[in-house]
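Presented below is the structure to which this report refers.
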Amino acid sequence: MGTRGNPTFLATLWAALILAWIFSGEQFLDLMFAMPDAGAVDDWLLGIVVRAEDMRAAWGAPDLFASWRGLLHRTFGLG
Amino acid sequence: MVFPTLQFVLFFAVVYGLNLAVAGAAAWRKALLIAASYVFYAAWDWRFCLLMAGVSAIAWAGGLGARRHRWARGLSIVLLIGTLALFKYFNFFTLSLAQLLQDSVLARDLSLLRVILPVGISFYTFQAISYVMDCARGEIAPRRNPFDVALYISFFPQLVAGPIVRAADFLPQIDRPFAVDAAMRGAAVVLILSGLFKKMVVANYLSVLLVDPVFAYPEGQDAAVTALAVLGYGIQIYCDFSGYSDIAIGIALLLGYRFMRNFDQPYRARGLSDFWRRWHISLSSWIRDYLYIPLGGNRGTPARVTVNLLLTMTLAGLWHGAGWNFLAWGFLHGLALAAERAIRGRTGALSVLSIPVTLLIVLALWIPFRASDWDGTLAILSALTRAEGFAATAITGPALALIALGLAMNWLPMRWRDRVEGGVIRLPAWAQAALLAAGTVTLFAAAQDGVAPFIYFQF
């Protein structure tokens, strides 16, 4: 049994995660503020996230996640 | 931290990457997975980690001594059951005692005593007990390395809601080199997406659209709506729990570990004993091997077997929750199993009705399970006889579609699922990951706002 393909699988997952962050509005920022206090590294972590969020906002990336969500909910009557 | 959250996605993305990075070093991989499991558990309450470490230590020491010394086995089992009893049943017993003593000062003091229920304790103490018992029976060799036992007890995919993994299945896997091929990845992608769909779409929406409103206010419902809500709860609990199991098994596969299947289309069972071979299989087989068979199992007179069944199922009910409704649920299942045993082979042509009759019994017994107390149970039973409800919950198209979907999951041929899985297995690695990512994003988008807890977390 081989293990080929796992690094590709991992790289694709991380690329997808970055794309999800870029095109999902402030979901990740909300998540970071909702997480439990990470102690000594909390300010450092939040600083990185806020800087990344500023960068994302500067690119003007659309919130595709919200649009996709709205479409799904309207189509299937999920309310 | 629960599976269908962005927080868990980020956590897993990091752990999965680190697991690949240390794939060639078994000791580092073990250390990483233990650390990740404790971080995962600490997200609820870091104090519970001390409890889990204590349970692991008892199991490790008990396993070492269990083969040679009966007292070591006995002591460790008593300590493990005592831990479970203290954290899970203390409130139930003190509250019941306080109700019995009514107006006395002791009753008032007792009703003030409370112990927090650590999430997943029923699952990991059962794993610890089975480890000690298997060592005592000589079915597995006790582990000298306490970290092996710590990983077995704490492994995060199955930590808080199972499946209840057997040491004989799990421990040999931690000694093998990491090997996740396209087949394991493909199976994992299908399991994770199907689990997320069952939980985030079917279970959560059924709960909000139908089950919760009816069970919250049964006095205003009519028979048709109530019957549909009971069926809806049957589908909800199946999708909630089997969804969790699917995700857990899928995540474990990506990390290189195989777990047993925990559900096998339970609502197509041809009898109660068949139902228990298909529902929460890891618990049913645990109870069979460590409780029912040691009690005597099917050996002895019919009366003795009936007593064994009643005792086993009542304790299984109590395992689910510290409440009289769970006791009653387990006892009634025991009674139904005993009745089924008594009429076995005598049903003749009526055996064609075995599937619908079994489904009806199982659904009827979900009522006390869901209704939290006697008054609620009686109110639902009363609503099932009411012709008109003055404030009946509206039955919407999505609710009916979700019920149909839930039933279909129990009836669709397994080869259809296998065919889908085969297709995903043949995809290149990047496409498997892209499918997992796109599917997860879509299911997160389709889900309701907020995080609905898994029903089995309370057990």
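Each residue, glycine too, has its Cβ placed from N, Cα and C.
Here TrEMBL flags B:6-28 (among others) as transmembrane segment. Distant neighbours of the transmembrane segment (B:6-28): 36, 39-40, 43, 174-175, 177-178, 251, 254-256, 440, 444; these residues of the same chain sit at least 6 beyond its ends, with a Cβ under 8 Å from one of its Cβ atoms.
Per TrEMBL, transmembrane segment is recorded for B:48-65 (among others). Sequence-distant contacts of the transmembrane segment (B:48-65) (same chain, six or more residues past either end, CB-CB distance under 8 Å): 38, 41-42, 72-73, 75-77, 79-80, 83, 87, 118-119, 121, 124-125, 127-129, 131-132, 135, 142-144, 146, 149-150, 153-154.
Taken from TrEMBL, the feature transmembrane segment covers B:71-90 (among others).
Under the heading transmembrane segment, TrEMBL lists B:111-129 (among others).
Residues annotated as transmembrane segment in TrEMBL: B:149-166 (among others).
Here the transmembrane segment (B:178-197) has long-range neighbours at 3-4, 19-20, 23-24, 29, 242-251, 253-256, 258, 417, 420-422, 424-427, 429, 432, 435-436, 439-440, 443, meaning same-chain residues at least 6 beyond its ends whose C-beta is under 8 angstroms from one of its own. Per TrEMBL, the feature transmembrane segment maps to B:178-197 (among others).
As annotated by TrEMBL, transmembrane segment applies to B:241-259 (among others).
Annotated transmembrane segment per TrEMBL: B:317-338 (among others), in sequence order. Within the chain, the transmembrane segment (B:317-338) has long-range Cβ neighbours (under 8 A, six or more residues past its boundaries) at 88-89, 91-93, 122, 126, 272-273, 276, 283, 287, 305-306, 309-311, 361, 365, 368-369, 371-374, 377, 458-459.
Feature annotation from TrEMBL assigns transmembrane segment to B:350-369 (among others).
Same-chain neighbours of the transmembrane segment (B:389-412): 198, 201-202, 205-206, 209-210, 213-214, 217, 220-222, 225-226, 228-229, 231-232, 235-236, 238-239, 265-268, 383, counting only residues six or more beyond its ends whose CB sits under 8 Å from a CB of the stretch. The transmembrane segment feature in TrEMBL is assigned to B:389-412 (among others).
Among the features that TrEMBL reports, transmembrane segment is placed at B:433-457 (among others).
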The answer for the transmembrane segment (B:149-166), taking Cβ pairs under 8 Å and residues 6+ beyond its ends, is 30, 33-34, 36-38, 40-41, 52-53, 55-56, 59-60, 63, 119-120, 123-124, 126-128, 130-131, 134, 143, 174, 241, 244-245, 247-249, 251-252, 255, 257, 259-260, 262, 280-283, 286, 454, 456-457, 459
Counting only residues at least 6 beyond its ends, the same-chain positions whose CB falls under 8 A of a CB in the transmembrane segment (B:350-369) are 230-231, 233-234, 237, 266-272, 274-275, 320, 325-326, 328-329, 332-333, 336, 377, 380-381
